[in-house]
Amino acid sequence: MSESLRIIFAGTPDFAARHLDALLSSGHNIVGVFTQPDRPAGRGKKLMPSPVKVLAEDKGLPVFQPVSLRPQENQQLVADLQADVMVVVAYGLILPKAVLEMPRLGCINVHGSLLPRWRGAAPIQRSLWAGDAETGVTIMQMDVGLDTGDMLYKLSCPITAEDTSGTLYDKLAELGPQGLITTLKQLADGTAKPEVQDETLVTYAEKLSKEEARIDWSLSAAQLERCIRAFNPWPMSWLEIEGQPVKVWKASVIDTTTKAAPGTILEANKQGIQVATGDGILNLLSMQPAGKKAMSVQDLLNSRREWFVPGNRLA
């Protein structure tokens, strides 16, 4: 067995909680957990703890929830724990240089892409959006840049034609803890081999927005189908019909050309709603009108056939 490390864990969402859960059964000593402050959630806007806080408190771990790690007194919280290493997974706060240098072995981060591709906020979604054949996780040594640190360990997985950001998130939430435990063993043994990122291969995973998720019919059918999967479960691809937003859950590409203007409805039947795009035809299969549940196109046509008259154009 490798040396048992004193670990500070910093993370916030479910993705991070799955990594903390793996650490708890790894033989290492979790000396403190940092997570974002409780936030208002739900219709009642009740203050809700993060998934990481819920797990940490359930296991009796000390929890810290600073709004920022810039104030000296908050940095002292980290210093007082005398950690060997700080593990950061989707924490959501910037770690100042002073904090990065406090643990004996520094701070390591689990990132949801094969760096240097897709540095930034939305690596899982952007890998789908771009049509990448594979993605994975990178465990890296943190520095002051945005996902610029040396890479310690990588695990990859294929992206299938059915994957959404939701399914890919689950795959990487399985891979990440495996890579993390292996990396910690290497750090404890002194066998880790840091690899500098190739700056010529860098791409940036820009944040998603609801406006970007609005369907732009001038794009190709292939790109739109990828967007629909990349933006599922958030922010969800959508279009506007009679002034109300309609989310699109699933679509397919029909490999045929058309001379119809982008956005023109070509067919509407139980096989789907076929719409002309900038290149090819997009076949809408599952949609969700405002205030309703997601439904098959057949069910939607039964109640809203007037929305999808062939020859009409969608906005």
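Using the three backbone atoms N, Cα and C, a Cβ is placed for every residue, glycine included.
In sequence order, Asp147, Gln197, Asp198, Glu199, Leu201, Val202, Thr203 are the residues near Pro116 ((6S)-5,6,7,8-tetrahydrofolate binding site), counting only same-chain partners six or more apart with C-beta under 8 A. What Swiss-Prot lists as (6S)-5,6,7,8-tetrahydrofolate binding site is Ser113, Leu114, Leu115, Pro116, and the listing cites sequence analysis.
For the recorded site, Pro116 ((6S)-5,6,7,8-tetrahydrofolate binding site), the DSSP three-state label reads coil. Compared over the binding-site residues Leu114, Leu115, the count of CB atoms lying within 10 A of a residue's CB peaks at Leu115.
Taking the mean position of the Cβ atoms of Ser113, Leu114, Leu115, Pro116 as the (6S)-5,6,7,8-tetrahydrofolate site, the remaining residues of that chain whose Cβ falls within 8 Å of it are His111, Arg117, Trp118, Arg119, Pro123, Gly136, Thr138, Asp147, Met151, Lys154, Gln197. Neighbours of Ser113 ((6S)-5,6,7,8-tetrahydrofolate binding site), defined as other CB atoms within 10 A of its CB across all chains, total 25.
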